[in-house]
Amino acid sequence: MKFKVLIVEDSKVSREHIAATVEAVDGVEAVTTASGFEALKLLPRQRFDLIITDINMPDINGLELINFVKKNPNYRDVPLIIVTTEGREQDRSRGMALGAAGYLVKPFQPEDLEALLRRFLKPL
Amino acid sequence: MTPGGKALAEFVAEATEILDALGRDLLALDEARGQEADPEHINGIFRAAHSLKGLSGLFGQERISQLAHAAEDLLDRLRLGRLTLDDGVLDTLVDALDTFQALLGEASRTEEGPELTQRTRDMEDRMARLGSPPPAVEEDPLERLELDATVRAVFTEYEEHRLRENVRRGVALWRVRAAFDLTDFDQGLADLNARLKPVGEVISTLPSSRPGGANGIAFDLIFGAKVAAPSLEAALRGTPAELAPLAVRPPQEGAPGPAFDVPRPPPEDVDAELLPPDTDEEAPDEDAEPPGGSTSLATVPVPPIGSPPRMRAVTPPPTVVGLQAAASAPLPAGRPKTEETSLRSLTQTVRVDIGRLDGLINMVGELLLIKANLQRLAETSRQDGTVALSKLFGQELSRETRQLERKLEALQEGLLEARMVPVGQVFDKLARLVRKIAREAGKEIDFVSSGGEVELDKLIVEELSDPLMHLIRNAIDHGAEGPESRLAAGKPRRAVVRLRAEQKGNHVVISVSDDGSGIDEVRVREVALSRGLVTPSQVSEMTRRELLNLIFLPGFSTRASVSALSGRGVGLDVVKNNLGNLSGIIDVWSERGKGTAFHLTLPVTLAIVRALVVGVSGRTYAVPLNSVLEILSVQPRDIRTVERREVLDLRGQTLPFLRLGRLFHLPEHEVNRHFVIVVGLAQQRLGIAVDELFGQQDIVTKPLGGRLSRVKGISGATDLGNRRTVLVLDVAELLEEGIAQERRRA
């Protein structure tokens, strides 16, 4: 069975870049969405093994998504990775404080993301 | 396309979208100069810069990424209140947008010019240098807000800043809680947001960790209200929202008040309700203290509101005042003149309404049905073998063919529609430019545009942006007078430049007009004579309109002649050529002291046109029907010669007459009657004599390559089916030719 990764990112190009990187890893499937709202809708319907989320998004921010996931007994075990651009240390540290498992700083190298995937999706 | 090329195109397309969005927010800020900026616009620009940085980083576009980084830093400081949005900052942002566009232009051509690299670095420095001293230290207003620390923990830095600002200003804060069904909560929230926005600011939307039932989800919205509790309750009536005030304790004894008072324009109709709820009668149902009640709002100055919806250029900096009238005015030091970077967009993409595409898909479905019917008919006829086909069969076949024809027509129409975009896309970009040019030229301009919803082929809209930019620049630089000259002439201080689009049948007329000093036709005549563009005998017969049209002649306009003329003319011949390429024409109207107007007449689409197929001396040509006004049958004796040129009398008007055969040097033979196709664009008319009329047909004009592309009077070639390729007449050029002949023979 494949691991399923949810990608929440409002920038199309960035989203597709992350999805392509994720899917390049054998045994991993990517589900993408452009907003936090969509993510909230998807969560009860599918089971995800990992969530990758942007922080600055138009509807709810990524921190709120992390908080929602971590407070909900159904999803709280799903690891979350934050994707931010540099210079947003406060947002990043808040995300980690809320329970995110790791972060990536854009622009990132595919290997960085792959390393995170291998860390959180076991056995991969 | 190579993978790299495809990736680049994708990058350019997305970056263009981001810059468009950025431009819109920037324009909104620019329009509201002098008032307090709407945080939403600043945040919008910030988000755009942020996305652009990420995007260009992904694609290895270093220069764009670095500049976006610098812009993001600047905007972040603005957004978080560490920098005040003054004219300097706004000008920097406008210039930065230009630089981004130039960079994207080079990126799309995979170029990297050193000049632009330098300009980018300068821009980065300029942004980094901007700054105002941070406001005086005060107690963090957020400390006064009774908000659960766990709630605060999920705020981004920006949301926290907005919350702080609201507390500092004593705005009443509420927690709006609403539970929705999981399937459509986004609609519910959108509705809630739409109701809340007019009465305040939604600072954050938090999905509640307490599930709202089995299939539900609850949200907490942190909201800063501009209105009193009853109005807020009224706004939320009928929604599942529950209100709870967030308590704020008063500032500490002796603590300084707000470090600086930033006026916030209240909505016009809620002045009376601006005060916080202060008495029981107005308090919400909840038993808590009215929020923010202890912080007075009475000191918040109310700035004048109700600014006119039109644009106002900002009063120029003092260094520029006094230079207004001179077209050749040197630009103030330190402010480089706007480079005339093209406004043309860099992508070939058209966004199509999904409804239109669905319509097209449906049509394809119907076509498939017809194909099935035809197939069945073909099958029947094959099985019947040598048996004569029945009449019924023929009827059925022709019915299907008619159906096919109708559907194909609809499909064609639908596809053409999909190419249509509103001209407003270009108007918006031009609006930005106007403010900038006006500032540089030291003019005070009101820019009014209308008809932005008129649709034109995407290709035409794109090609229009540069000619329109030239015309508008001319109107501001040379048409509009400076404020002092206007006052002296008894005109209002501010000049008006108008841009208007209007659909007229198969054509769209776009006009650029100003209420400036107008064109001096006497000077036009002198310049044209001195440059040897016309002879004295020619000008002596010219009407005023013909004199004005001399400004479009190549070689007429140079900067020097133009500035001496209080006139116009940065490459008007170029503008005219550009329009000619679009099968459009340009016309000028001007009145001394009253102003000047340029009218651009353009076909709605270039892709597929209906054409009249005609014959001359055994050759076949196609004439686009959109410029054909009527067709006459004319006896040779109806043709008169006036001053050595041939004319026709058409209902009392003299019509210039052109023998197509003679123009193309074809052998002429005696005929006892001519067909005359009367063509016209805007005000110009011409009768074109042909020998035969064959009928109408839809054609797709293909450009002629190489040397053939410069043949006068021919715009391209088309395939008429049956492998017959014919030449398509260029009506705009023929009109030109007809008029030029008049001139030569005069």
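Cβ from N, Cα, C; glycine included.
Keep in mind that what you see is a predicted model, and the values were worked out from it rather than measured.
These features come from TrEMBL:
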COILED    B:394-421  coiled coil
COMPBIAS  B:268-289  compositional bias 'Acidic residues'
DOMAIN    B:1-107  domain 'HPt'
DOMAIN    B:345-606  domain 'Histidine kinase'
DOMAIN    B:608-740  domain 'CheW-like'
MOD_RES   B:His50  phosphohistidine
REGION    B:247-308  region 'Disordered'
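Cβ atoms under 8 Å from those of the coiled coil (B:394-421) belong to residues 350-352, 356-357, 359-360, 363-364, 366-367, 370, 373-374, 377, 455-459, 461, 604-605, 607-608, 698 of the same chain, restricted to positions at least 6 beyond its ends. In the predicted structure, the domain 'Histidine kinase' (B:345-606) carries a mean pLDDT of 81. Broken down by DSSP into helix, strand and coil, the domain 'CheW-like' (B:608-740) contains 25 helix, 73 strand, 35 coil. Around B:His50 (phosphohistidine), a 10 Å sphere centred on its CB holds 26 further CB atoms from the protein chains shown.
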